[in-house]
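Notes for the one structure printed next.
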Amino acid sequence: MQAQSLAEVTVISKAAAVIVAAGRGERAGQSAEGPKQYRLIGAEAVLARTLRAFTDCPLIGTIAVVIHPDDHALYRRAVPEKHENVILVTGGPTRQESTRLGLLALKDEAPQYVLIHDGVRPFIGQDLLERIIANLTPDNGVLPALAVSDTLKRAAADGMVETTISRTGLFAAQTPQAFPYAPILDAHEKAFAINRTDFTDDAAIAEWQEIAVRIIEGSADNTKLTWAKDIEMADKRLRQDHAVFPDIRTGNGYDVHSFEPGDHVTLCGVKIPHEAKLNGHSDADVALHALTDALLATRGAGDIGTHFPPSDPQWKGAASRIFIEHAAKIVREAGGRIANVDVTLISEAPKIGPHRAAMTQALCDMLGIAADRVSIKATTNEKLGFVGRREGIAAIATATVIYPGEVPE
């Protein structure tokens, strides 16, 4: 059967994908950032860059990302965006088993084709993805590979050269390796059933089960990050590619709410016992309201009242988490990354200190950023003005966001 055109593939079915990212990356050494798939290259986690290549491809539907059971927090930090077509799968003790579990997670959907990719190949390009899918048929899988160009030597046990190996017909395999879904799942299940764990890639399992695999030209850019030096070179490459003055934007927000009878206030999404509550159309979370305005300001996107007018009854009593997550979504959709948020609460009471850790964590969860990028401070008004008279609470917020591109001249 001949390879299909991209248009034909799009009409017939979107391919699914399995991104395998459950390894420990021991050869890359230890890092405070975690295993190598979570290390930063060009200020972005390796896995986040890898995943984006697949979410950006219109020919790919559901994506199963297979991660280690201990890595859920690392994943949320690396990939704060929520993608409707991405599912998280807990991996197994080996890459082969993690791949099988990723394939099983797609079983109810039963896609026509599936691409299986290493999570630490972050430079996979759209052209290669499209060529792989275009060459898939129900009768064959596709393996991107590069013809071996270096002279190959076989060494004896003592390290001395034993013989030279012909390069003719030899290729270095890459990923994603793509297959008709049902046959490759069946092959993995058969290997699992007899405890065969010695396959070095998915194409080898396909060969074992006599699934035809077509080799197409891979990409020299599509390198696998194995060693610490690979990660260093990848980071250097990206920084050189983007050696321009970054588009760093800062937004400010201010809000104030008065007290009324009640038994708690809500600040940064955390309920704090108090002798009064804040008066407002929503939950009156003065901190989140100020921060929402600050984030919107980095896009010139108006203020909280523009997006959630107090005249609209649907926002009566609403949790302000809705507002801040909406603002963060606007930032992300523009390619922005939140570098830092700073909130200052101005109040005589209640005391903020005992609740600062919970408030910080709440903001981390809402914005998908690390705790060292969140600052929450409190001060009194030295008994001056409405704050000094304990009539309400004010908040000032600042957000710093990095957007793609450079500052225009």
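For all residues, glycine too, the Cβ spot is worked out from N, Cα and C.
Annotated divalent metal cation binding in Swiss-Prot involves ASP255, HIS257 plus, out of the candidates HIS188, HIS289, HIS307, the residue HIS289. For HIS257 (divalent metal cation binding site) paired with THR380 (site 'Transition state stabilizer'), the C-alpha to C-alpha distance reads 15 Å. Between the recorded positions SER282, THR379, THR380, SER282 has the most other Cβ atoms inside 10 Å of its own Cβ, all protein chains included. Cα spacing between ILE304 (4-CDP-2-C-methyl-D-erythritol 2-phosphate binding site) and ARG167 (site 'Positions MEP for the nucleophilic attack'): 64 Å, rounded to the nearest whole number. According to DSSP, ASP255 (divalent metal cation binding site) is assigned to a strand segment.
Spanning the listed 4-CDP-2-C-methyl-D-erythritol 2-phosphate site, residues ASP255, VAL256, HIS257, HIS281, SER282, ASP303, ILE304, GLY305, THR379, THR380, ASN381, GLU382, PHE386, ARG389 have a farthest Cα to Cα distance of 30 Å. Taking the Cα atom of each, HIS281 (site 'Transition state stabilizer') and HIS289 (divalent metal cation binding site) are about 12 angstrom apart. Using Cα positions, the member of the recorded positions LYS36, ARG167, ASP255, HIS289 nearest to ASN381 (4-CDP-2-C-methyl-D-erythritol 2-phosphate binding site) is identified as ASP255.
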